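Sequence annotations record features per position, and here TrEMBL assigns NADP(+) binding site to 189, 190, 191, 257. TrEMBL lists 30-144 with the feature domain 'Tetrahydrofolate dehydrogenase/cyclohydrolase catalytic'. Feature annotation from TrEMBL assigns domain 'Tetrahydrofolate dehydrogenase/cyclohydrolase NAD(P)-binding' to 163-313.
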Ligand SMILES: Nc1nc2c(c(=O)[nH]1)N[C@@H](CN(C=O)c1ccc(C(=O)N[C@@H](CCC(=O)O)C(=O)O)cc1)CN2
Ligand SMILES: [Mg+2]
């Protein structure tokens, strides 16, 4: 029970801070960078007070292979951690690492009392069983909140670590809407790291949304999204959600990060979400851009989880 209340207090502190910052809802654009900055500022302050009489929270990040996007997210995590006073160590391993070797590394990090939080950057190479790796992480150090124990706790309303992207989305939704109670929320995508935990958070008693989860086999997706007050797209398909699929006044959260070729850009591509932002923005109450929407929240919420891990472990 103590864990539960500590989690709720931290969540409430973030919510108060986030709702008190100057408006980051310019027109309909819901500025994830600004909200993430406020979450990081709150975390920085809390880390400062934690380190008055304790070592800084310590995060271990495991990165397998040389997937460029994963390497870039891990750099982002390391930099953001340093900025709020969290120590981080990246354990980089070659693509060819065996599952056994990876499980051994997790075992070593679990046993290391100086490590508060562990995360394994996803995706992992095909020859490794992702579930086995996640299950090997000590649930008390599972700052991604992907361990079955933590996902199970979330489902029954006793969260310990809540996955970063869904909890970041909840902060954005609370920033955009005064009350989620009774709102019809359609989550498009049923992944273990976004869709499923987000559905659990939205139907929790402190949110009270009415939740529908849609996926690749859903018949007449547009009929669901058109009836929704909140649409969350987390599929990985550019322009899956078009203007004719949403109602006037909708709140749209775009979780997709898709690279599309663009010769005009120096890097040869640009990032787009799952949502046709330009067409939907004029009719939306609020909508997150890509980049600069959900992505920055993912890293901010991870930092919060890492502080929480240190607080719980050292209590
Ligand atoms: N172990 C984990 N693996 C993965 C997670 C996760 O939470 N834990 N989530 C994603 C990747 N991810 C963090 O790991 C992540 C994705 C996107 C961003 C972000 O800030 N995106 C920017 C754009 C960045 C760019 O230019 O490429 C944005 O949307 O503005 C941060 C973190 C999968 N793996
Ligand atoms: Mg976004």
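In case you wondered, yes, glycine gets a Cβ from its N, Cα and C as well.
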Helix, strand and coil residues within the domain 'Tetrahydrofolate dehydrogenase/cyclohydrolase catalytic' (30-144) as assigned by DSSP: 59 helix, 20 strand, 36 coil
Largest tally of Cβ atoms lying within 10 Å of a Cβ, found at which of the binding-site residues 189, 190, 191: 189
For residue 257 (NADP(+) binding site), nearby residues of its own chain (Cβ under 8 Å, 6 or more apart in sequence): 236, 271, 273, 290, 291, 295
